[in-house]
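According to Swiss-Prot, the protein carries these features:
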- M1: N-acetylmethionine (MOD_RES)
- S15: phosphoserine (MOD_RES)
- S30: phosphoserine (MOD_RES)
- 48-72: region 'Disordered' (REGION)
- S90: phosphoserine (MOD_RES)
- S93: phosphoserine (MOD_RES)
- S96: phosphoserine (MOD_RES)
- 108-127: motif 'BH3' (MOTIF)
- 112-159: region 'Interaction with BCL2 and BCL2L1' (REGION)
- 142-269: coiled coil (COILED)
- 245-450: region 'Evolutionary conserved domain (ECD)' (REGION)
- K402: ubiquitin cross-link (CROSSLNK)
- 425-450: region 'Required for membrane-association' (REGION)
- K437: ubiquitin cross-link (CROSSLNK)
Amino acid sequence: MEGSKTSNNSTMQVSFVCQRCSQPLKLDTSFKILDRVTIQELTAPLLTTAQAKPGETQEEETNSGEEPFIETPRQDGVSRRFIPPARMMSTESANSFTLIGEASDGGTMENLSRRLKVTGDLFDIMSGQTDVDHPLCEECTDTLLDQLDTQLNVTENECQNYKRCLEILEQMNEDDSEQLQMELKELALEEERLIQELEDVEKNRKIVAENLEKVQAEAERLDQEEAQYQREYSEFKRQQLELDDELKSVENQMRYAQMQLDKLKKTNVFNATFHIWHSGQFGTINNFRLGRLPSVPVEWNEINAAWGQTVLLLHALANKMGLKFQRYRLVPYGNHSYLESLTDKSKELPLYCSGGLRFFWDNKFDHAMVAFLDCVQQFKEEVEKGETRFCLPYRMDVEKGKIEDTGGSGGSYSIKTQFNSEEQWTKALKFMLTNLKWGLAWVSSQFYNK
């Protein structure tokens, strides 16, 4: 409730608010002229004669300690109870208040305060008689009326249903009643039977539930075993893949090894180890030049290395054939290889030289080269024993220490260095290497092709 004061007219304006939307209300002018009779009619609760009898109402009021009330019968069958004015005026209310302000005289202020108090008490009584708090604005009242209309329609429909049921019951005779009793007994028996079936079903349900728990436990165990088997399978699968990779790797290695083996089988050890060729006027073995020219002074270390490879080649060919040389024994010793005389073992014939003045006066180097030529001749003769068609391109004269160019110029070239030119000595060495190359080819064809 709100209040405002106007100082010119010395009047007080008081307004109430809606109990739902809290909007300020402007009361109707009829609230200003309320008399006691009107107030009693507005605040009296509505009861029908069927719901409450006068005697019972009076007895209840007497027992409850309430003040007596006046019941006024009406033509519409509704009794109205009126609360005595003295009680209403003395009721303490939540809307009660004391008006303090200025007025033209004391009587007017007292009348205004009394009227507002009566109005507030009236709203409290109306709120106590119903489930709705008062006052309400017009919109909230319309909403409330719509709700009450809905409840009224529902209640009327229920009432109509009850009336129809009552009419049906009143129209039924005794036979129908007995028949209904029999049906009721049958339904009771059916209910007992269904209850028994329900109990049996409940027992079966418990049994099925127990079986279900067992099956679920078994299923869980099987799931665990399946997971374990899956893990083992995955591990075995991984191992299988690793073994497959290893197998493929081994197979690849075997194929590669087989290819290498086939290649090695086709490879001639002598041809691969001893490569005899020529470089200009020089005969070469494993890229070492054998001989020297005035225009090309080959180092003696290279010549000695070439002689070492040559001795090693003839020694290997003889061992392959099982040939043992007469008069001399080959001793491969790198660039210090030599021949050992079988008649005089203390005599060594070196196939190496350092040059200088000593080279011209010491003839051991020449004797060693002639002895080596003798060994080549023995190798040729050994081959001819088994292969009569075998022939070397250059004929060798061991006694003179010369090699003849039978297929070319027909000249003879000494293998010695003393009293010989470097050109002829180099050519003789070249022809000797050519004969060894032919011997190498024959040995390869006889032993390795088989």
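Cβ atoms here come from the backbone N, Cα and C positions, even for glycine.
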Residues of the same chain, at least six outside the region 'Required for membrane-association' (425-450), with any C-beta under 8 angstroms of its C-beta?
268-271, 274, 276, 278, 281-285, 290-293, 310, 313-314, 317, 320-321, 373, 376, 379-380, 383, 387, 390, 392-394, 396, 402-403, 405, 413-417
If you skip the near sequence neighbours and keep only those at least six away, which residues in the chain come within under 8 angstroms of K437 (ubiquitin cross-link), Cβ to Cβ?
I276
Cα of K402 (ubiquitin cross-link) to Cα of S30 (phosphoserine): how many Å, rounded?
168
Of all the recorded positions given, S30, K402, which residue's CB has the most CB neighbours within 10 A?
K402
Is K402 (ubiquitin cross-link) helix, strand or coil when read with DSSP?
strand
